[in-house]
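Okay, structure first, notes after.
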């Protein structure tokens, strides 16, 4: 009875605890949520395309930079400052530099591809000195060395005419540096026989007469899906973290000036001092790039009104050479303000001294090498100048001379007047992009003057001893020229897809989940062609991904084919890059949209899912994630688990689509109007026939059972119309008027006539039979549950009593063990103390025993 009274409270408390557990389990779960458009990026290498205002600078279509093929620049460029962002830059490992270097080489090669090869000019040249006509000298001609009248030679040679079997003798003017004397032996050596300098080392190609080398600013732009990060730190040295970061779509206009030693027409530092940039300032094998904060103007001139003439060197080929020199035959030269140069040099030396412990700094010209390295080489008005910079780099700066605000140095140059640099002009120019190839630059008519700004220097250094550091001008690797402008840029790939935990869960069609074998995800796109429709539907995600991969691979193959046939299609490098950029943008967009579609998130910026968040990915709370972390920090934390999360999203969406497909199969029951459709009438007739057949079958079964039952009782009805009373036991008398007794609740069983009464009677009997059996079954189940509950409760009580009993026994045993241990320890301690005391007394009694021994001995 006590147990039965405890049942209601037990069930009440059990239900309450179960509800609390369910609520806690629902509240505590986190689910993966997909976000599209998160501000996350990663370093990447991609194809950049160009933007330029070529028409604003030069209408000549044959400009070597082919900027007419670039897209127009944005009149309102957008630059977004990234607050609280620190990004690492490295100008020495920058794919933008390598890409620009490759582009400029391709442009030079393409511009010179259709030009004439000067192989027919590799003949013997009969040369003599040149006499100028109408020579006039200005008053300041003393600034320039006039004793250089042998700079050019008038050479005659035989060439093939339009008719191949006929030769013609022509003459042309060559610079002395472009020809070498032929050594035919000591006996037959002639001072008048020469050849072109590059005939035995490389193929010479003439620059087309319409090609212009005037640099035009080129803006490098990132395609859609990518961005260019820009460091706006004014003292940024090119490597390390930058805290002032912005994002742009295009760089500033970069003039691809090909020069050595001095950087021309570049960007300036925005601080009061020069900026020193080097991969390792202590490594003398690494170049040092100096960015000036103020420009130094350099004015270069080639005097003389030269003429140009065309010489036929074969069928369909023409060679352009200098005809006559009218005016001063002097070399070309450049002028630089001495005061301005020395002020700039003082800033450079002061900055270098801070890196080299204020040692004595020596500036010297290059020790040796090719003429392009030992001189300042550049292009001026179509002519290639090679200027001697010894006057610029020939001084010694002690610690006291550059740490003070003075410009004192051990130099013989006048720092107040102009510094004049002697220059040579070469028609045969070694190509800077590769070894073993040269170019013949046709002469330019008339006077040539170009004014440029020196915005940087390229230096090398060597340590003479512990007190001196020698710096020399360097260059030759044009990557340093591009690096001096691209130091503050880097290309990143925008990752708009992000996943994070939230408490929101997608409401889905629940269904028992089946395990999907991992092998299904590795089937090929066509590998499921022979599978069943059900098996192939599992690989739809893989097929969609591989379909896009096939498109991407096809586009890549097309681009490679176009690049291979670039010379046939007459496409510039910019055309190839624009095609690549546009295809790449489409591929990036399709890839993101493909993933969103696979996850069931098409067209959504925030998409909840049914994938539970695993704490092993990140065990941070929602407040720590959403209130204290940026998307970049969060992406770095879960980057190792992104692939796993993506896979689970695909599996979840596949299961959801399968459940929806199964639900649609039952969806026709949701619309009652469809029940009255004519197409369903045959189904209704079939169902009716099945019901009637079932009733008839049940009637037959019950009739057979009734007959069998009566036969077993030994009674047979006389007629189908006879009312058959139920049999009563001898202990149950019928009720009569005079006596009491049990009420007669029994009825006679009447056999009915007709189909409908028969159906009704059978249905009634069937329902009563089912009801009674179900009632009996429920009664049995209730009694069983009650019994199990009582037995379970008694077992729990017994288990509780056992736990209490054994807990008390363990407690008593522990107390007894502790007491025994304490007693044993106490007894042992007492014995140890007693032994120590005895030993101590024995030690104390040693002198007494010795004294007693002596006393006995004396007695």
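A Cβ is built for glycine as well, from the same backbone N, Cα and C atoms used for every other residue.
Listed ranges 577-595, 596-614, 615-633, 634-652; the one Swiss-Prot annotates as region 'Immunosuppression' is 577-595. Check Swiss-Prot against the ranges 707-710, 711-714, 715-718 and you find motif 'YXXL motif' recorded for 715-718.
From the options 431-451, 494-514, 515-535, 536-556, the stretch Swiss-Prot describes as region 'Fusion peptide' is 515-535. Note on Swiss-Prot: of 366-376, 454-464, 476-486, the range annotated with the feature region 'CD4-binding loop' is 366-376. When 358, 819 are compared with the annotations in Swiss-Prot, the one labelled N-linked glycosylation site turns out to be 358. Note on residue 628 (N-linked glycosylation site): other Cβ atoms within 10 Å of its Cβ, all shown chains, come to 10. Between the C-alpha atoms of residue 628 (N-linked glycosylation site) and residue 453 (N-linked glycosylation site), the distance comes to 49 Å. Here the candidates are the glycosylation sites 244, 342, 388, 453, and by Cα distance the one nearest residue 84 (N-linked glycosylation site) turns out to be 244.
The number of other CB atoms found within 10 A of the CB of residue 394 (N-linked glycosylation site), across every protein chain shown, is 16.
Model confidence over the region 'CD4-binding loop' (366-376) stands at 85, taken as the mean pLDDT rounded to a whole number. Take the CB of residue 388 (N-linked glycosylation site) and look out to 10 A: across all protein chains shown you find 17 other CB atoms.
When the glycosylation sites 280, 453, 468 are compared by the number of other C-beta atoms lying within 10 angstroms of their own C-beta, 280 comes out lowest.
Under DSSP, the residues of the region 'V5' (466-474) split into helix, strand and coil as follows: 0 helix, 6 strand, 3 coil.
For the region 'CD4-binding loop' (366-376), the DSSP-based tally of helix, strand and coil residues reads 4 helix, 1 strand, 6 coil. When secondary structure is read from DSSP and collapsed to three states, residue 453 (N-linked glycosylation site) falls in the strand class.
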